[in-house]
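Taken from TrEMBL as is:
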type	residues	note
BINDING	Glu74, Asp117, Leu119, Asp120, Asp247	Mg(2+) binding site
Amino acid sequence: SMASPALLMRVVASAYSVAEKAATIVRSVMSAGDLGIVEKAGPNDLQTKADRLVQMSICASLARKFPKVTIIGEEDLPTDDVTEELIEDGHCEEILNKPCPAQYTGIKEEELVIWVDPLDGTKEYTEGLLDHVTVLIGIAYGGKAIAGVINQPYYNYEAGADAVLGRTIWGVLGIGAFGFQLTEAPAGKHIIVTTRSHSSTLVNECISALNPDTVIRVGGAGNKIIQLIEGKASAYVFASPGCKKWDTCAPEAILHAVGGKITDIRGNSFQYNKEVKHMNSAGVLATLRNYDYYASRIPNTVKQSLVP
């Protein structure tokens with residue numbers, strides 16, 4: 001008989017279904033019309049009813065199946081009052097059928113950390129820029145992002161009434177990434193994707209030093225990584241604190257699974273062990289290809305003003 005699938009593959013397969021459930025919650029909150037917006041640190045730091053319900057759904061569903069895994073979510077919420085209709089018990093059979101990479105077959109529950117951003121691009125969600133929104137579930141082992149799930153609840157939402165809404169992208173290091181068409185940005189073009197609502201002098205100074213052909217300003221770290229893997233941008237550059245571990249964990253795993261690279265602005269890797277501080281204080285630099293081209297052009301003045 002076949003051995004039962006390795007823990008990592010079971011976690012990813014569950015996270016896939018949990019992310020699809022999350023997307024239905026995101027869409028139903030929006031269509032019901034009362035977003036329940038709360039300002040956290042200010043007008044660019046918002047939380048909606050969708051952020052709250054989705055986080056409860058993801059964390060409770062995964063904790064029920066994998067009780068010893070550490071799960072860290074963006075929102076500070078009570079965990080006890082989760083109703084049964086928020087629980088997702090399913091899994092993606094296709095993921096369970098993939099062999100687990102050898103280096104991950106012996107992982108125990110207590111060695112995994114799951115970083116959850118229930119709704120990445122909340123500000124865009126409240127403004128109706130729905131294609132910017134993602135649900136992020138990142139899985140870390142030994143401090144490294146090794147697997148991730150990104151759901152886009154509104155993928156295809158401008159494609160007409162008959163279009164299938166939403167998609168789920170997933171990846172595991174050593175297996176690859178699935179659910180999208182891997183595409184490289186046009187050769188010789190420097191298309192930079194950066195923040196839409198958290199701009200600053202430093203952010204702009206860094207970008208102009210790279211002499212880009214085009215700058216795309218969009219919300220959400222998940223959305224920015226998707227721009228890279230679908231060839232719409234050649235580099236994601238954000239010379240500012242603001243991004244957190246739950247923003248980068250899932251996207252990092254997916255980008256690395258297809259041979260891309262993400263670091264802070266100074267070239268340091270991100271660490272995802274449970275004790276790590278949540279803020280990525282030294283910003284983000286990510287590419288699918290040609291990382292060194294961009295890294296070598298970040299001004300020292302910019303690096304010096306960002307302390308990891």
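For all residues, glycine too, the Cβ spot is worked out from N, Cα and C.
Note that TrEMBL annotation is computational and uncurated.
Cβ packing within 10 Å was compared across the binding-site residues Glu74, Asp117, Leu119, Asp247, and the lowest neighbour count falls to Glu74. Surrounding the centroid of the Cβ atoms of Glu74, Asp117, Leu119, Asp120, Asp247, where the record places Mg(2+), the chain contributes additional residues within 8 Å, namely Asp51, Val116, Pro118, Gly121, Thr122, Thr134, Val135, Leu136, Gly220, Ala221, Gly222, Lys244, Trp246. In the shown protein chains, 27 other C-beta atoms lie within 10 A of the C-beta of Asp120 (Mg(2+) binding site).
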